[in-house]
Amino acid sequence: MKRVISDLALGVRLAVGGSRKSWARLALQGVGIGLGVALLLFAASLPSVIDARTDRQAAREIVAEGNGPAPLLAEHQSHAFRSDYATGYYLKALTPDAPVPPGIDRVPGDGEIFLSPALARLLDSPRGELLRPRFPQKVVGTISQAGLQNPNELTFYAGSADIREDDNAVHGWGVARQGGGMHPVLWLLSVVGLVVLLFPVLVFVGVATRLAAAQRDRRLAALRLVGAAASRVRLIASGESLAGALAGLVVGFGIFFGVRPFVDRISINELSAFPSEVMPTPALTLTVIVAVPVLAVVTSLLAMRRTIIEPLGVVRDQKPVRRRVWWRLVPVVAGVALLVSQIGKITQTEKPNQWPVVFGIVLLMLGIPVLLPWLVERVVFLMKGRTPALQLAVRWLQLDSGTAARVVGGVAVVLAGTVTLQMMLAGVEQEVQAKEKKQAAFHYLSVKPRQGADTNGIAAALEKGRGVTALHRVEQAWGQLDSGGYVTLNIAPCAALTKQATIPNCTDGKAYSVRESTGLPAAQAGDVVTFRHSGERWTVPAVEVIEGTGSIPGLLITPAAARGLVPFGTEVFVELDPAVPDAAEHARNAMAGYSWQVYSYFGGQDDTDEAERVFGVVRRALLAGSLLTLLVAAASLLVVALEQVRERRRPLAVMAASGVPRGTLARSLLWQNAVPLAISTAVSLATGIGLGVLVIRVIGAEVAFDWAGIGLITGIVVGLTFAVTALTLPSLRRATGALGLRTE
Amino acid sequence: MSLLRAEGLTKSFGKTHALEGAGITIRAGEVVAVMGPSGSGKSTLLHCLAGILPPDSGTVHYGDRELTAMNDGERSELRRTEFGFVFQFGQLVPELTCLENVALPLRLSGMKRKDAERAARDWLGRLEVDGVADQRPGETSGGQGQRVAVARALVTGPKVIFADEPTGALDSLNGERVMHLLTTAARETGAAVVLVTHEPRVAAYSDREVVVRDGRSRDVEFAR
Amino acid sequence: MNTPGVYTVCIVLPMSIGHALLGLLESGPRHGYDLKRAYDERFGQDRPLHYGQVYSTLSRLLKNGLVTEAGVEAGEGPERKRYAITDAGVTDVERWLSTPEKPEPYLQNTLYAKVVLALLSGRSATEVLDTQRAAHLATMRELTRRKVDGDLADQLICDFALFHLEADLRWLELTAARVDQLAEEVTR
Ligand SMILES: Nc1ncnc2c1ncn2[C@@H]1O[C@H](COP(=O)(O)OP(=O)(O)OP(=O)(O)O)[C@@H](O)[C@H]1O
Ligand SMILES: [Mg+2]
């Protein structure tokens, strides 16, 4: 045991080496692995963040049942404001000990309001000017973290004496939490995102521990020569990797705690979180702390399985072993097969069997770094150097294509993942935008007064609103068909109906049935509707089937055809002047006095900006993430290139001394970096696009290509190649200088 | 009584037959020069003798133990405790200081750092290179580096020192200095030296020579 | 200064003509004139033998019983006599070949002759060279020992000798490396 520790310590000693170069190597490993560790820690915090969020959400659910009279009345209301929603409760305490909702210290009295910090900020800012009329109450406090789902949530608790007892009794707050479902597509997107983000991290941890492998092999050979047995050399090598992994852990925790305070600034609500909650679960933290060093040690041991470190390595270069291809193809083939088997299995609601998809993606991603060394070897083997520079590069790559392939393997995974994500984003984005475009054609605000609200008063208030050109009242009723389906009945004169649907020659006395997305009309003549509120039954008269436009579903019935039908509610369609900016907000403000009593929905609301913003943020985050990873990969490429120059200092110096122009040597360095990178870029683009197509097929969405993004990433890779080569030039100059001819 | 005895060694690298039935006997404490034309298999013979390269056939005995039948662990142990190595270059670990390099075999054998470094400093002194103790090998001259390597080969008190062109990269004055220090120290500690060289003046530090030609060796015994 | 005799510059031709002629006779009886021609061809590039030298050497060898007359052809003069090597002669050649020359500089003529004669008679030239290198190395070893134990003057004198001997040894090695090539040329 003591010997094991002392061997590990010797490995650590070798890793820190003492020279500036080995410190630089260690620092690079530390930063590289550290970035990975930080990412892993954030990922490991997700469960606690989601957990806490779900808990808080459950804690502010209303308990509607209880003994005796209700102590509190509550009306839920969502104030739409442009593309945001300020959602909260209007409350009326009936007893002094009425239950207080989480996040505030008392139930607000009449005309008082508690705001969430984000809503308070919005109302204070010029941006929130048009929202202010809807919150005339006196602000008496801020909702604390306990009452918020996320730091950017727009929410409030207002007191209102107008609330009448109805079915809005509150006996308490907080229900047992139930598992929240995630949209399957979103879920898949996150799975791919996580895999794509985390997998390169793992690859990089592997690569980082194997930086300067050739030099390490020589160093270990020297140890073998003085009589360290193979097992001990492995232990010492493990010690070396351990040093890098430990440095990485320290850096990683540093980055994690450094970045954590800023997570509440993330502008996408769903992604923002309270810093105090971003805490990896103990089990996952432990996993990271253990897994990273273990991974580092295991990869370096696995890598050493190939290059048996023999004492003779001191004097002779081992001939590299030819790589075999068959097992390298296994992950790729298996991954593709798994994904193909899932095509069409995911629908809008049904969660796909997650494991085949996850495994498929992981396997395909894994296939890249596994296949690349073989591919680079084969390609390089077939290449012939036309120019002396290319020949030098090719010959070197033939001798040691592994190191280069490993480094670019990391790059390739990032690239492939980025391309895939970009494609998925592009696909989803296209769909969302198409939908938004379709809706943007409507300029109606649909207003639904609550049961018992003063509909006439509301209508009168609306008429005075800025930008309001007309009002159409539609009486409504809801009922169940005998077939089990639900149907909405809309009763209005033709003048109102034709504004909401395309009805060819509408005449009073006719009824129309809107074709639903299933292709069938909402109801047919002879169907019997049972009304929920009264229990009465009504037979559907002859109907004409019309194409729906989305704004009113169900049956459209002219007053003459609605005989015997007692409407239950009213919906007011407010026609707005498209020329007046924010007409919808002005209209909403016009009826601000009715606060919780009315619900409005703006069909023409232009959400494309919002979609653009969300996608923009996601795209930027993705780009930043992949750039960061690419930078790390470039940094490791740089280290490898520098090590190469260092390792081959003598031959380089001899060549320079014997008159080989430095330009030739520099170009050979460029080729050395460019050839593997070109191969890996090609492979990763192919894999990325292939994976993208497969995953999109699995979702069942349109395939779209984000050529600009792909081009950008490819351009960056090319740029990095040049940058890395340029950064190696000073050391090449030094190596080819007089000092280069020294040994060791 | 022979210390190290090899018989009928053959070794091929692909189509190259490096050794074709070579044999050699080393007695305790003697300095034997292995000479012969380039490519004749001298280095290969040395590597086989030292157990760092397994021969295709033939046997190597160290005392009454058969080296060629040992496993890697045993051979490693033997290298650590009984053998020492001096090559033309490359045997020092560039990341460690000269002192740490010399102390390395002792530490691998489990000696405490302080004791190991004391012994190492002592040997550096005997080889007149205590001045470079805290420098790394890359910062020393070729001659100093070789003397550090000799110190490291001798520090464990080995029975055999294998030296392959130890002076190959040095000028004649430095080369002879290294040879003088090496042979003197070896004679003082009773270590045998197997010395591969093609420099007659270096070979002249030996007690006798073995000539390798085309993978076959010939003992040339000459009256002392 | 205790190094006299270690190093004597030989100005005289160290070559033993007698052994050379014996060696040449090993491949079959020859006339004196033939012998001179064969000798000149192989060893006498810049210094051909006089007839007188040939005949005086032959008569010495005859007297010592190393050669015999193997018949006389018609005509006058010694050039008509044919000589053949005796068993004693063969033994003498063998002994000569296997005895290393005293390690001294400028031995190449003798050594070269030995190598050529060994090759001509199908003996191992490598062995001749190895024997010689052993002798050289033994001397070098002796000198090295003296050098290591001696003062600076000893060291300098020994080094002078060592460098010269080293040059010879290098020549020996080089020749050894080219023995096969030489064999082809001599026996052609
Ligand atoms: N690892 C190897 N792979 C292939 N061939 C080898 C290897 N090691 C030695 N050889 C070949 O074996 C033969 C003997 O090599 P070795 O190094 O023993 O010669 P040497 O006598 O030490 O030569 P030199 O004096 O030049 O060092 C050579 O032809 C060499 O090419
Ligand atoms: Mg060699």
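Sequential numbering from 1, following the chain as shown.
Here the Cβ of each residue, glycine as well, is placed from N, Cα and C on the backbone.
The annotation transmembrane segment is assigned in TrEMBL to A:26-46, A:185-209, A:242-263, A:283-304, A:325-343, A:355-376, A:621-642, A:677-701, A:707-729. Taken from TrEMBL, the feature domain 'ABC3 transporter permease C-terminal' applies to A:193-307, A:626-734.
By the Cβ criterion (distance under 8 Å, sequence gap of 6 or more), the transmembrane segment (A:26-46) is counted as touching the transmembrane segment (A:283-304), at least 3 such pairs being found. Listed as Cβ neighbours of the transmembrane segment (A:355-376) (distance under 8 Å, sequence separation of 6 or more from its ends, same chain) are residues 188, 191-192, 195-196, 199, 203, 206, 323-325, 328-329, 331-332, 334-339, 341-342, 397, 401-402, 404-406, 408-410, 412-413, 416-417, 675-676, 679-680, 683-684, 687, 690-691, 694-695, 698. Residues 8, 11-12, 15-16, 26-27, 29-38, 40-42, 205, 208-209, 272-275, 278, 288-289, 292-293, 295-297 of the same chain lie 6+ residues outside the transmembrane segment (A:242-263) yet bring a C-beta within less than 8 angstroms of a C-beta in it. The DSSP breakdown of the domain 'ABC3 transporter permease C-terminal' (A:626-734), given as helix, strand and coil counts, is 97 helix, 0 strand, 12 coil. Taken together, the residues in the domain 'ABC3 transporter permease C-terminal' (A:626-734) have a mean pLDDT of 78 on the 0 to 100 scale.
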